[in-house]
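Engineer: Input: one structure, supplied below.
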Ligand code: G4P
């Protein structure tokens with residue numbers, strides 16, 4: 001039985017909040033995130049959008065290194081969130097760009113999502129990236145639904161997969177359906193909630209919804225359809241599952257303690273409709289969010305929202321910067337005059353957009369859970385709060401500490417303006433931090449990043465978006481600390497020989513260490529000095 005949104009006539013805001021579902025997909029590359037996204041759109045009837053996802057997918061086959069990088073951040077360019085309607089619900093699928101390096105963008109997105117879908121490849125089970133992203137969700141107790149994909153290929157035993165989820169991730173795994181067959185013999189699933197056998201039919205390239213036959217498990221025709229042995233196995237397995245009695249508790253799911261598990265095949269459209277229904281039925285509507293003024297309820301009449309992502313050059317024709325805001329409470333309206341909590345002043349929001357593939361559309365109104373793109377003339381930082389009414393500040397979005405450092409050389413000195421502008425704008429996106437060596441003749445910037453891939457992205461983007469050739473020279477540091485000390489204290493600090501002093505754009509002192517050991521040594525030698533992480 002689907003949850004029903006609140007009645008519309010009760011209160012428009014309450015109604016709009018109750019019909020929102022905002023989620024993100026977490027997975028290891030290749031598990032099927034793109035395919036699942038496309039198929040959810042297909043099942044929701046947003047077929048044009050499904051085409052847009054596919055178009056992006058096709059780019060995947062372009063081979064140059066640049067295109068690879070472009071593809072990696074391609075998803076972020078086309079969408080920060082896909083919005084679609086299904087059965088009266090408005091679904092926001094937040095984009096989690098995936099590549100092998102841990103992506104801070106994805107991390108921040110997980111800070112503003114209400115639930116997550118974990119996609120696993122049935123042959124591979126839990127892979128490293130899935131585990132990392134799961135742990136981020138875990139910290140926030142984000143409810144997670146699991147979709148085990150690629151059942152049409154020989155995979156691991158379903159019970160073994162459930163066990164792996166429980167053992168590796170430490171979360172209860174409750175099957176919601178059970179696969180019938182495996183690999184080439186995968187024919188459908190037994191729906192454990194409705195106690196029905198669903199048999200699917202493949203369609204050409206999975207472009208249409210897969211026709212489904214629904215049977216009672218005791219239907220005499222089933223043995224003929226499945227084969228006598230497969231049928232007997234199914235009956236045995238479902239009896240075992242019933243006896244094991246692992247029942248699903250929505251409360252435990254909402255607390256992030258259990259995950260409902262669905263088996264299927266995204267490419268063949270097997271098991272997708274029931275998954276989409278479960279998603280809107282189980283996943284929570286937007287909830288309250290923590291701020292310096294306590295929890296802010298989504299149906300509070302004052303508008304509030306938080307910037308979680310900044311993207312330069314969304315549209316190469318316009319070269320603009322867009323800040324993405326998640327609406328947290330109240331109603332967003334075009335042209336609103338809002339408090340900018342960090343700057344302590346009011347800002348008007350005349351240009352707010354929603355993006356679909358390469359298209360953008362003006363947003364007239366938005367509700368909690370929705371994502372709005374704001375044209376950003378350097379006004380916003382990641383984590384900023386915008387609000388009407390009482391001044392509030394949402395809890396900051398934590399940052400990961402840089403572990404990789406390099407000097408960035410500008411190969412075309414004549415283009416120093418473009419170089420500086422590009423670097424400033426890319427820094428604003430939050431994927432790199434720019435530092436400058438102190439007391440050195442070298443005035444070239446140092447890049448600090450969480451993943452090494454970011455350096456390649458910077459070089460490629462400076463070339464493509466700002467027309468500047470650059471190269472990187474790796475530095476042997478592995479951590480940085482912002483130093484807090486009183487006037488005159490700096491001269492008394494004992495630095496390890498191998499460390500280097502630098503400063504950020506605000507001229508705050510930063511020290512670069514070659515190892516954690518050096519950092520600990522420095523802290524021990526200078527007990528009165530505060531060595532702060534990037535915050
Ligand atoms: P990702 O976004 O998580 O990286 O995964 P993506 O959807 O791109 O899927 C990775 C590969 O797995 C794709 O194959 C895709 O077609 C395939 N795939 C997705 N779902 C299923 C499934 O249910 N069954 C099977 N057998 N394969 C599936 P590819 O060869 O890399 O790309 P393509 O040529 O198919 O587009």
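Please read every residue number as a count from 1 along the shown chain.
Including glycine, each Cβ sits where the backbone N, Cα and C put it.
Heads up, here are the entries from TrEMBL:
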{"type": "BINDING", "residues": "27-34, 95-99, 149-152", "note": "GTP binding site"}
{"type": "DOMAIN", "residues": "18-289", "note": "domain 'Tr-type G'"}
Engineer: Tell me which binding-site residues (27, 30, 33, 96, 151) have a Cβ under 6 A from ligand 1; sequence order is fine.
Structural biologist: 27, 30, 33
Engineer: What's the number of neighbouring CB atoms sitting within 10 A of the CB on residue 151 (GTP binding site)?
Structural biologist: 26
Engineer: Per DSSP, residue 96 (GTP binding site) is which: helix, strand or coil?
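Structural biologist: Its secondary structure by DSSP: coil.
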Engineer: Ranking the binding-site residues 27, 30, 33 by other Cβ atoms within 10 Å, which is at the bottom?
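Structural biologist: Sparsest of the binding-site residues 27, 30, 33 by Cβ contacts within 10 Å: 30.
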Engineer: Taking every residue in the domain 'Tr-type G' (18-289), what is their average pLDDT?
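Structural biologist: That region's mean pLDDT is 84.
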Engineer: Going by DSSP, give the three-state secondary structure for residue 33 (GTP binding site).
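Structural biologist: Residue 33 (GTP binding site) sits in a helix per DSSP.
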